[in-house]
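Taken from Swiss-Prot as is:
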BINDING   Cys33, Cys69, Cys103  [4Fe-4S] cluster 1 binding site
BINDING   Cys177, Cys181, Cys184  [4Fe-4S] cluster 2 binding site
DOMAIN    24-140  domain 'MTTase N-terminal'
DOMAIN    163-399  domain 'Radical SAM core'
DOMAIN    402-473  domain 'TRAM'
Amino acid sequence: MNHAKVNQHPGQATLPETAEGQVRTYEVKTYGCQMNVHDSERLSGLLEEAGYVAAPEDTTPDLVVFNTCAVRENADMRLYGTLGNLRSVKEKNPGMQIAVGGCLAQKDKDTVVKKAPWVDVVFGTHNIGSLPTLLQRAEHNAQAEVEIVDSLEQFPSVLSAKRESAYAGWVSVSVGCNNTCTFCIVPSLRGKEQDRRPGDILAEVQALVDQGVTEVTLLGQNVNAYGVNFVDPELERDRSAFSKLLRACGEIEGLERVRFTSPHPAEFTSDVIDAMAETPNICPQLHMPLQSGSDKVLKEMRRSYRSKKFLSILDEVRAKIPHASITTDIIVGFPGETEEDFQATLDVVKKARFTSAYTFQYSPRPGTPAAEYENQLPKEVVQERYERLMVVQEQVCEEENQKLIGTTVELLVQAGGGRKNDATKRMSGRARDGRLVHFAPEGDIDGEIRPGDFVTVTVTEAKPFFLIADSGVQTHRRTKAGDNSAVGQVPTTAPIGVGLGLPQIGAPKVAPATESACCSIN
């Protein structure tokens, strides 16, 4: 690999090439949350639009882009460790470029290049669209380009995207967060919440469905707050905007499953629950972050709700959606957490009956109020409580899953999903409630089962973190997404919507069905 040159072909965009005249290859490595996964799809779309091609497996790419996370300390260590390993690779391949973006880049800024001088580009959460230009500038100037801006330049939706999946897609409803949780660094890195126009969101959903996608997940740091700060000044504040958006998704023909993440218990309202219950394609799944079952700790976290309020939400959801699967996030070892506080968390876990829980040991993040609290807990105390919580939650998970033995479930077949699938000869899929099911691909099958197809199976065995269905496939429905998966084709979405106060940029016309759905929201 040698230094790149830029070749301008007549009538074409500028294409990055190696000295040998080959188009440059890229790889995007993603750390962190679903937001980062979706941002990485935008990065891939940007790079391919600029002329790069995805690097084949088991090859050294000409460009490696890290989309980073800053929520936990081990994310920092993981990134800098990986960058250290790449130093020798880059020395052997002088034309190689390395770019670091995302939340950790937004946080560390110049520190990234100080710790890893062989990095070529550092960009933040607010200017991912600048990456191709920064890469060219770094190559031309033969020095690192660090560009971090303090506010969002444009919604990521005005950038092209190359999707990871042929059958399931992410769609952002907002960027940023207005909450001030004392443990969380995300608002300082992602900025204040700004909401997309409903019509733009639905246009993006329609564009995905038109390419075969059957499942969409609506993304936001706090989806319940959607509608409080539309970027379009012509749209009035609307606290029921999210429930209207869910109902509008129900009118899109061909969209079979809709999920969303993440809501906030303090702002979760009955109109959203009603929309979930009354809209057939909204999945009976809810991710509701608890963080702690102790009211004292919740107050210190600045979470704006208490355990009674949290449990009342779950009661209402289950009353209206009896088979809903509810998952959560829990932090163990927050500063000042006592044994009594921890027991309160265990009590809520036992009452809530979560299908699964993402449990974390508290990690102090510089720049957050909680990192400055004096009553930080010893590591061994946090570890011991974490292990006890895992035992309780795992037992709850298995008990809840046992209830499904003998039931028939519809699965959207997914790529991968089971580490032992090769050995067990099984495939994997997600039920409508989000549970992972490993199944035997035999029985009433219409040709080969592909990721993106739908099957129905009967649950024969339950484990804490997944279900098994070994009695054979009862029905198999082939899909356009399955056809696309079979040939390695994934959706691409063109720029949709408006920038922040900018003129409209390449927004496609909304399909008629989507236009009618939008009207009730706007």
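In case you wondered, yes, glycine gets a Cβ from its N, Cα and C as well.
Comparing Cβ neighbour counts within 10 Å across the binding-site residues Cys33, Cys69, Cys103, Cys181, Cys184, the minimum falls on Cys33. Within 8 A of the CB centroid of the [4Fe-4S] cluster 1 site residues Cys33, Cys69, Cys103, the other residues of that chain are Tyr31, Gly32, Met35, Asn36, Thr68, Ala70, Val71, Ala75, Gly102, Leu104, Val186.
Around the Cβ of Cys177 ([4Fe-4S] cluster 2 binding site), the number of neighbouring Cβ atoms within 10 Å comes to 21.
Taking the centre of the Cβ atoms of Cys177, Cys181, Cys184 as the [4Fe-4S] cluster 2 site, the nearby residues of that chain (Cβ within 8 Å, site residues left out) are Asn179, Thr180, Phe183, Ile185, Val186, Pro187, Gln221. With respect to Cys69 ([4Fe-4S] cluster 1 binding site), the closest of these binding-site residues in Cα terms is Cys184, chosen from Cys177, Cys181, Cys184.
Rounded to the nearest whole angstrom, the C-alpha distance between Cys181 ([4Fe-4S] cluster 2 binding site) and Cys103 ([4Fe-4S] cluster 1 binding site) is 17. Annotated pair Cys184 ([4Fe-4S] cluster 2 binding site) and Cys103 ([4Fe-4S] cluster 1 binding site), C-alpha to C-alpha distance, rounded: 12 Å. Cys177 ([4Fe-4S] cluster 2 binding site) sits 14 Å from Cys103 ([4Fe-4S] cluster 1 binding site), taking the C-alpha atoms as the reference points. For the domain 'TRAM' (402-473), the number of residues in each DSSP class (helix H, G, I; strand E, B; coil) is 5 helix, 28 strand, 39 coil. Residue counts for the domain 'MTTase N-terminal' (24-140) under DSSP (helix as H, G, I; strand as E, B; rest coil) come to 60 helix, 23 strand, 34 coil.
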